[in-house]
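Novice: This is the structure I want to talk about, given as structure tokens.
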Ligand SMILES: Cc1cc2nc3c(=O)[nH]c(=O)nc-3n(C[C@H](O)[C@H](O)[C@H](O)COP(=O)(O)O)c2cc1C
Ligand SMILES: O=C(O)C(=O)c1ccccc1
């Protein structure tokens, strides 16, 4: 073979040997104080869903095809109507400057360097404009802005105007959080954001945020009377940006997203931080894909920790996957360079998984690539 794609060499720290997301989690966690570490890393109540999000992947085995020329493998796909380098992007997670001063600016630059998209949390420590500009210095990517249904509707409108002016592509309406989940770590540790962090998206000062617990601050901010009928038309009347619903886990709600004219859903359980005991997202994915039936895009997040995880979700019909904590771990480990390392690791693993299963393009990844271990431990083709 001559002139094939170069074999990518993993980017890693030669001393610490961060070769996997598990390595990154370990190294990052030692850099964080107890309260911040537990805030980032924990799920809710009994930690069942956070655990199952990651273990759900092991119910599947890969069905590789051999002797396929994979020298010119193409990992790219499209999201929001534009090409990204591989089917992963960074989920909205608040408080990134608590992990590292680079915060959301570092995440945004790393995403632009890798050519993947990013969603900006309402609780970002940097403004939407600054997060967009940071990426624009490096390359052109799309940003979504994550909204809750806020009590202060004028504030919500101002955020929409700012997102539009900054060139954001989509609104992610987080639908799984009328209230926060049961988070023992936050309650035990009386979790408050460190002094000096800013919250420019929601226009709260550091002192305003610190004066309340995470839980009571959220109640003061968020409107638990949200509904499909009231809030989707409200958003659609105010913006031409795409509207995506984040936190869908069922066929019924996928159908409602279609009926309300949404552009896509993110199958998500908030990384196991909201209702504990719901379905792991990988297990919820097939019914949502079936219900969407190609009418709207179906993305997914929760527990993605390797390139093979991305591959499995694509084989089950997802159009793209997202990660929350891995980006936080990248930041905590080494700021922007740590997010570069996280994205490089996931991309490299995904590319190798495609090559080793004989998939030359993302379109080649389908359910024939998987077998599932059933309750009797028997492998069955899908
Ligand atoms: C520290 C942290 C903060 C988060 N903040 C938000 C947020 O502000 N808005 C939101 O919609 N989801 C938020 N999420 C959920 C993520 O968007 C995403 O659904 C989840 O992290 C995916 O799971 P993973 O962390 O296992 O990849 C947060 C998650 C974490 C871990
Ligand atoms: O903690 C979360 O999961 C979350 O969604 C959030 C909400 C407000 C501020 C920071 C994170």
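Every residue, even glycine, has its Cβ placed from backbone N, Cα and C.
The active site, proton acceptor annotation in TrEMBL covers 270. Taken from TrEMBL, the feature FMN binding site covers 92-94, 121, 146, 174, 246, 268, 301-305, 324-325. Annotated glyoxylate binding site per TrEMBL: 148, 183, 270, 273, in sequence order. According to TrEMBL, the feature domain 'FMN hydroxy acid dehydrogenase' maps to 13-375.
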Novice: Nearest to residue 301 (FMN binding site) by Cα distance: which of the recorded positions 148, 183, 270, 273 is it?
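Specialist: Its closest listed neighbour, by Cα, is 270.
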Novice: Around residue 92 (FMN binding site), how many other C-beta atoms are within 10 angstroms of its C-beta?
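Specialist: Its Cβ has 25 other Cβ atoms within 10 Å.
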Novice: Determine, to the nearest whole angstrom, how far the Cα atom of residue 92 (FMN binding site) is from the Cα atom of the residue listed as 'active site, proton acceptor'.
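Specialist: If we compare the Cα positions of residue 92 (FMN binding site) and the residue listed as 'active site, proton acceptor', the gap is 10 Å.
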Novice: Do you know offhand how many angstrom separate residue 183 (glyoxylate binding site) and residue 246 (FMN binding site) by C-alpha?
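Specialist: Just about 20 Å between their Cα atoms.
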Novice: Counting only residues 6+ apart in the same chain, whose Cβ is under 8 Å from the Cβ of residue 325 (FMN binding site)?
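Specialist: Spatial neighbours, sequence-distant, of residue 325 (FMN binding site): 25, 40, 41, 93, 271.
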Novice: Per 10 Å Cβ neighbour count, which of the binding-site residues 183, 246, 305 ranks highest?
Specialist: 246
Novice: How many other Cβ atoms sit within 10 Å of the Cβ of residue 94 (FMN binding site)?
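Specialist: The answer is 20 other Cβ atoms.
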Novice: If one measures from the C-alpha of residue 148 (glyoxylate binding site) to the C-alpha of residue 305 (FMN binding site), what distance in angstrom results, rounded to a whole number?
Specialist: 26
Novice: I'd like to know the mean pLDDT over the domain 'FMN hydroxy acid dehydrogenase' (13-375).
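Specialist: Across the domain 'FMN hydroxy acid dehydrogenase' (13-375), the average pLDDT comes out at 97.
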Novice: Fill in the CA-CA distance, residue 146 (FMN binding site) to residue 270 (active site, proton acceptor), as an integer in Å.
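Specialist: Checking the Cα atoms of residue 146 (FMN binding site) and residue 270 (active site, proton acceptor) gives a distance of 12 Å.
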Novice: Can you name the residues of this chain that are 6 or more positions from residue 270 (active site, proton acceptor) yet have a C-beta less than 8 Å from its C-beta?
Specialist: 174, 176, 177, 181, 247, 302
Novice: Between the two most separated Cα atoms in 148, 183, 270, 273, the residues recorded as binding glyoxylate, what distance in Å do you get?
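Specialist: Between the outermost Cα atoms of 148, 183, 270, 273, the distance is 19 Å.
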Novice: Does any of 146, 183, 301, 303, 325 have a Cβ within less than 6 Å of an atom of ligand 2? These are the binding-site residues; tell me which, or none.
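Specialist: If the test is a Cβ under 6 Å from any atom of ligand 2, the answer is none.
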